[in-house]
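First the structure, in the form of structure tokens, and then the observations on it.
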Amino acid sequence: MNSFNKDEFDCHILDEGFTAKDILDQKINEVSSDDKDAFYVADLGDVLKKHLRWLKALPVTPFYAVKCNDSRALVNTLAAITVDCASKTEIQLVQGLGVPPERVIYANPCKQVSQIKYAASNGVQMMTFDSEIELMKVARAHPKVTKLVLRIATDDSKAVCRLSVKFGATLRTSRLLLERAKELNIDVIGVSFHVGSGCTDPETFVQALSDARCVFDMGTEVGFSMYLLDIGGGFPGSEDTKLKFEEITSVINPALDKYFPPDSGVRVIAEPGRYYVASAFTLAVNIIAKKIVSKGSDDEDESSEQTFMYYVNDGVYGSFNCILYDHAHVKPLLPKRPKPDEKYYSSSIWGPTCDGLDRIVERCNLPEMHVGDWMLFENMGAYTVAAASTFNGFQRPSIYYVMSRPMWQLMKQIQNHGFPPEVEEQDVGTLPISCAQESGMDRHPAACASASINV
């Protein structure tokens, strides 16, 4: 595993008393009046804290879903802990950071033949499938494959982004696929599922685990000795969601004990993406243009008061693609608190491109702002930078990485000596102290001793 180099990624180590918000304010004050490009401040310490929180709440090895945010410094941080991928490019990224192939799962059930061959030539053996055609394709393109995982469909009707409409085998089809794999002498080592991104009902996991147990039993009947269960993602990554992470894990843990108890010999993994990165990234955008829409104008209903349209230097073709593809609802914040008696106006916020679709916020209340002023958007780490384009010639925002000194020291300890059996409370604030001992769990997460990646 390559070590994280703070100089390579220009990671600023925060002295005691300083926060990521201080760096963000500093960057805003540093830029000249003519150079106010949008930028991110990413707190890598927040990512590490999320990992510690995971280890306390859920006895499952996390494979970070690289597709969620593939910024190199972030992936390098998680590669020192744990990671997951879905394409040749993501495999190249994580292996370039020193992640060994045995800790990579190619978790895309629909793969291009050339990319299957690339995985084979680079030692990646663990991958998913959900159809006979995919099974045959993998058998031909990767003859030495020994570790296939059967993706099953789940009820993801309560998810923000549904996946089972595209991926997953039914229970009936699962038996047929297992029988076909046995005929081809291909080893199926386990089962995977995904309840959908942005899951809003933790009970969905219970039914999915019950279905997975059923498929495991089918595998035993067919002649397989399956030992891997992948429970996918769907975990919240910020505190502004209705369903909290611990509310989900409080439902998952009893279900795991029921269907896959610690003495079952089944290794349980997951593919969290949003959970790790959403809250770590804050985006700063600058107002580049402003339009006043007066009462009775052609642009506004006659009954309305004066409103403002603000145009900023990032939009839905850039970081805010999450609005279109991830159903995100973003809220602008101001770097400085408005005066108590300041008047608020109905406002809309637009991106910089020539497309009328490039609208970030349809309506919100803001004090009157001016060209050159800044707006902040929190919780912008998930499905933002990874899918941003340069449409119309607008460049992606720069990313400034920060980490507190205690978290930096903990990161180096993890890289040099593995995860410590105990982490001092002052290192992580209010977060958990150890991998599993503090939680009262019998099942210890394998992530305490190793790191992995979901491709």
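Cβ coordinates come from backbone N, Cα and C, glycine included.
Not measured: the values here are computed from a predicted model.
The annotation N6-(pyridoxal phosphate)lysine is assigned in Swiss-Prot to Lys67 on the grounds of similarity to another entry. Residues or ranges marked as pyridoxal 5'-phosphate binding site by Swiss-Prot on the basis of similarity to another entry: Ser197, Gly234, Glu271, Pro272, Gly273, Arg274, Tyr383. For Ser297, the entry in Swiss-Prot reads phosphoserine, with the evidence type similarity to another entry. Taken from Swiss-Prot, the feature substrate binding site covers Tyr325, Asp326, Asp355, and the record attributes it to similarity to another entry. What Swiss-Prot records for Cys354 is S-nitrosocysteine, and it gives similarity to another entry as the kind of evidence. The feature active site, proton donor is assigned by Swiss-Prot to Cys354.
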Conformational class of Ser197 (pyridoxal 5'-phosphate binding site) under the three-state DSSP mapping: strand
Most crowded position, judged by CB atoms within 10 A, among Gly234, Pro272, Gly273 as binding-site residues: Gly234
Site with most surrounding Cβ atoms, counting all protein chains shown within 10 Å, from the binding-site residues Tyr325, Tyr383: Tyr383
The one of Glu271, Asp326, Asp355 whose CB sees the fewest other CB atoms within 10 Å, among these binding-site residues: Asp355
Distance from Glu271 (pyridoxal 5'-phosphate binding site) back to Asp326 (substrate binding site), taken between C-alpha atoms, in Å: 17
Among Lys67, Cys354, the most crowded of the modified residues [Cβ within 10 Å]: Lys67
Ser197, Gly234, Glu271, Pro272, Gly273, Arg274, Tyr383 excluded, remaining Cβ within 8 Å of their centroid (pyridoxal 5'-phosphate): Ala65, Cys68, Gly233, Phe235, Gly237, Tyr275, Ala382
Of Lys67, Tyr325, Cys354, Asp355, i.e. the recorded positions, those within 10 Å of Gly273 (pyridoxal 5'-phosphate binding site) when Cα atoms are compared: Lys67
Between Cys354 (S-nitrosocysteine) and Arg274 (pyridoxal 5'-phosphate binding site), the C-alpha gap once rounded to whole angstrom: 30
Integer Å distance between the CA atoms belonging to Gly234 (pyridoxal 5'-phosphate binding site) and Tyr325 (substrate binding site): 15
